[in-house]
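Listed in TrEMBL:
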ACT_SITE  Lys487  active site, proton acceptor
MOD_RES   Lys487  N6-(pyridoxal phosphate)lysine
BINDING   Arg585, Met759  substrate binding site
DOMAIN    689-813  domain 'Alanine racemase C-terminal'
ACT_SITE  Tyr710  active site, proton acceptor
Amino acid sequence: MAQITLQQFAKYAEAELHGNSEATIERIVFDSRKLLLTDGALFIAVKGANHDGHSYISNLYSRGVRAFLVEKGFDYSGFTEAGFIIVDNSVQALHKVVSQMRKGFHFPVVGITGSNGKTIVKEWAARILDKKLKVGRSPRSYNSQLGVPLSVFMLEDDCDVALIEAGISLPGEMDVLQRIIDPQIGIITNIGQAHQENFQSIQHKLEEKLKLFKNSEYLLFNIDDEVIHKGVQEELPAVKTLTYGSSADASLQILHQSEDASGKIIKVSFKEKEFDLTIPFNDEASVENVLVSVLLAMHLYINVKQVKEAVKALQPVAMRLEQKEGINNCILIDDAYNSDLTSLELALDFLDQLGAKKGLSKTLILSDIYQSGMDSDEWFGQIQRLIELKGIGRFIGIGPELYKAMGGVNAYHATEEFLNSVHINSFRDEAILLKGSRSFSFEHISSFLEQRRHKTILEIDLNALMQNVQTFRSMLTPGVKMLAMVKAFSYGSGSFEIANVLQRQKVDYLGVAFADEGIELREAGINLPIIVMNPELSSFPLMLQYDLEPEIYSFHLLESFLDAAERQGNQNVSVHIKIDSGMNRMGFLPDEMDKLITRLNQTSLLKVSTVFSHLAGSDEDVHDDFTRQQGQVFNDCCAKLKNGLGYNFIRHILNSAGIERFPEMQMEMVRLGIGMYGVSSNNQELKNVATLKSYVSQLKQVKKSETIGYGRKGVAIEDKTIAIVPVGYADGLNRLLSNGVGNLIINHQKAPIIGNICMDMCMADVTNLKVSEGDEVEIFGEENTIEEMAQKLETIPYEILTSISRRVKRVYFLE
Ligand SMILES: *Cc1c(COP(=O)(O)O)cnc(C)c1O
């Protein structure tokens, strides 16, 4: 662990130090809630848009923190035992200090940037380099303006090499990161659409990213990527390049590729040496990530045998805390990320929040941690304090070190011993964090504790959802607001979880269909304005109580709502006026504007916050004239209303397809729905959000001319292998996909559904495919797209998404 005295810190920051100057700094903290260990902590007070770190200082002082970095103007006179470094801007001061610390490193630093794969390349490269070198690296995906300085600060002095990732979302940020990382060796993984909204073009973004390498000696990249290749030649003529790819000029050249059951076999050559790599993944992106890691390893003189061994043993990088339902109302948090104290702190923090939210007691199952630079007494002491501070009720240790430290109480030598000794029903109403180094195979504990009744899940990728929101945001004129539609259980994806992410993404409004959906969100702590699109008359009192704003679409509804507001004594309640501009569904008609104005002007109970209309055919160009006409009708109504009411309101008409296709109609707000769930009407590059998954519960050999399933509809025209998958029409798998209309995807192979789909299961023809019992099955998702499935069923993606039964567990991922 890095150590620096407070005095040295102040000197590097070129700042004054007041008060107690004795402290030694071992850790840096920005977020007071995340602070667990106060010894050796320096709190850096950062002023953000919504909060000011300075306001937490007195609380932190009372908890024992004795070192602070604060901005000028803060009155520290009452905190007599602490040391204060006073600066103009605390983030900039930290950057300065860390750049100075960086200058003292005597090992090479590798900087990794690119649009995707940074963390994976960092982890995989570390795994390969580990064979020979002591590798320091940034934890998880600490790659931001705060994450990078923290990563560099945490590096230990005795590394042989350090891998640091850098991510940017705005022009100018890379210059700052360059000064901190100052990599001798650079890696650019690829360049794509992520964070595109703040850059003029891909080239512009690439130029920014390449700034990280302006003083580097070597840069590693994919020579087959022409944009990057050209960009590097233009921007960094002096940097030596090390490349991989099929081109004969590549330093690590791909000579031949084939595939077998264990993955991809790639024949490569490096400096005239030819060798085969067995890569345990089939997808293109993983292969690229492996190759660039291998190239780095070869450059750093790891021998071929060790490289090959390490590559073969690579595992997917678990970057996310996976949350699953466990037995007896337990929740499992599966954190397979390499265990170290920092990642333990982060995971405990997550456990703490989740336990509190769900009212569950907190349990930690931990394996021995191999963290260098600390003896076992020292790390056990730290773990004990973390456990105490986070109120962990039950702590189970696995591994010889923990067994010794815990005197054998609640401790086991190995995972297997634990599984053989505990009874599953001893776990109940607990939030359980599983945190194990890879060698302890905690996945066995996870499957032991997991709820197993029904293994079909709908997996929701919250990161993908956020990226889709960003993609749509980038289509908006600055200042245009965004309402996110979370009606119908967020198009089937879950309500609170989605709304929570949207709230953090700072959307302006949420839209739900019925009042009870809105109440559920309020009770879960969502405080964004919420519009209820179909308010029922009976729900008005509750809506007022929960601060839910109604769509008002008729005079009848208006009168009832006025009654309710009057009875509850509310004033100035926000309402949203719906205009029917041609869809012939709900809404006031254009010729009702005068009457509406008159009525609204008679009351001070309501305030019109927004006025909106809905498009009938925004996704199809045959209707484009009609769409524009709807826009015109709507505009005329709004003009009349504004004139009659005498005040301004927000106007909105565009849904997802409208945002993609009619930028000129954005007005003051847009309403994003299906687009954020990953469905585009315009071939926008959106991320897949929802994946319906199951598994092969049984394989069966069926002889020629036998039949499969109900009604004997599936006929084996030859000897066949059939996979049985526990997902049926009661889960939302439409029965019209029976008899070969639909496919399942198993290990990236298409398996046609054979016979009729049953209530709780279906059968697929896997003859001659590579499939084993227990294999994962994708019903829809990245490979079997919702759009394709909708086409086969002659319906729309909306129906597919919202038809997934509530009995299918939703499992959320967030990096
Ligand atoms: C559902 C809905 C939307 C969102 O539509 P998408 O096509 O999913 O983007 C927008 N406005 C209203 C009134 C809606 O009911």
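Cβ coordinates come from backbone N, Cα and C, glycine included.
Note: TrEMBL annotation is automatic and uncurated.
Values in this document were obtained by computation on a predicted structure and should not be read as measured data.
What TrEMBL annotates, mapped onto the structure for a quick look.
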residue: Lys487; record: active site, proton acceptor; DSSP class: helix
residue: Arg585; record: substrate binding site; DSSP class: coil
residue: Tyr710; record: active site, proton acceptor; DSSP class: helix
residue: Met759; record: substrate binding site; DSSP class: coil
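Mean pLDDT of the predicted structure over the domain 'Alanine racemase C-terminal' (689-813): 94. Cα of Tyr710 (active site, proton acceptor) to Cα of Met759 (substrate binding site): a distance of 11 Å. Applying an 8 A CB threshold to same-chain residues 6+ apart, the list for Lys487 (active site, proton acceptor) reads Gly511, Val512, Ala513, Phe514, Glu517, Met533, Gly673.
Cβ environment of Arg585 (substrate binding site): His614 lie under 8 Å away, each six or more residues apart in the same chain. The residues of the domain 'Alanine racemase C-terminal' (689-813), classed with DSSP into helix (H, G, I), strand (E, B) and coil, number 22 helix, 44 strand, 59 coil. Under a cutoff of 8 A between CB atoms, and with a sequence separation of 6+ in the same chain, the neighbours of Met759 (substrate binding site) are Gly728, Tyr729, Ala730.
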